[in-house]
């Protein structure tokens, strides 16, 4: 069963609709007992880094989530700020992240004389894989995904980076370390490429 983590933030129904269309057994989960029944977990996130971390802590499931991911090696997909909190820390706030992906979340910083670039980045952008990875298989060449963000992860270990995009310069937009996956873009809003990526994760 694929659990869509409900800790007060994130676009849960969109993921549920995609998984339903793909005929994967899924459930929106919010309790420790529900989490323990999951074979895979999707962790959406919308808002600021600190507010999302606070929601996760207040939900009372951070410890059981860590046990499932770090000790039992359950696959997890963090999306948008759900990916950012996989990192150790963020320029956006003072809270520590989960630290499962070593790195720091940074804000876009580029020449604002290019008026075509705004912060946040809102809209479609091309994603380029940096290595072969199961999460990104069977996508069209140079696939486009939907982004809505002002921050991105700068990974300490470049081996964790599986895809980049360009917005005033290259930035990490997808990561993977062992059973831990993350996308800065929103696959649930990205039509056929997003559906293919969610299918890849659900099929791990």
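Just so it is clear, glycine is given a Cβ too, placed from its N, Cα and C backbone atoms.
Quick caveat, the model's predicted, so the values are computed rather than measured.
Positions annotated as active site, nucleophile by Swiss-Prot: 80. Less than 8 angstroms from the CB of residue 80 (active site, nucleophile) sit 10, 44, 45, 46, 148, 149, 183, 184, 185, 186, each of them six or more residues away in the same chain. DSSP assigns residue 80 (active site, nucleophile) to coil in the three-state reduction, outside any helix or strand.
What Swiss-Prot lists as active site is 186 (among others), and the listing cites similarity to another entry. The Cβ of residue 186 (active site) has 20 other Cβ atoms within 10 Å, all protein chains considered.
In the three-state DSSP scheme, residue 188 (active site) falls into the helix class. What Swiss-Prot lists as active site is 188 (among others), and the listing cites similarity to another entry.
Per Swiss-Prot, domain 'Glutamine amidotransferase type-1' is recorded for 1-204.
Taking a C-beta cut-off of under 8 Å and a sequence gap of six or more, residue 188 (active site) has these contacts in its own chain: 11, 14, 15, 17, 18, 44, 79, 194, 198.
The average pLDDT computed over the domain 'Glutamine amidotransferase type-1' (1-204) stands at 95.
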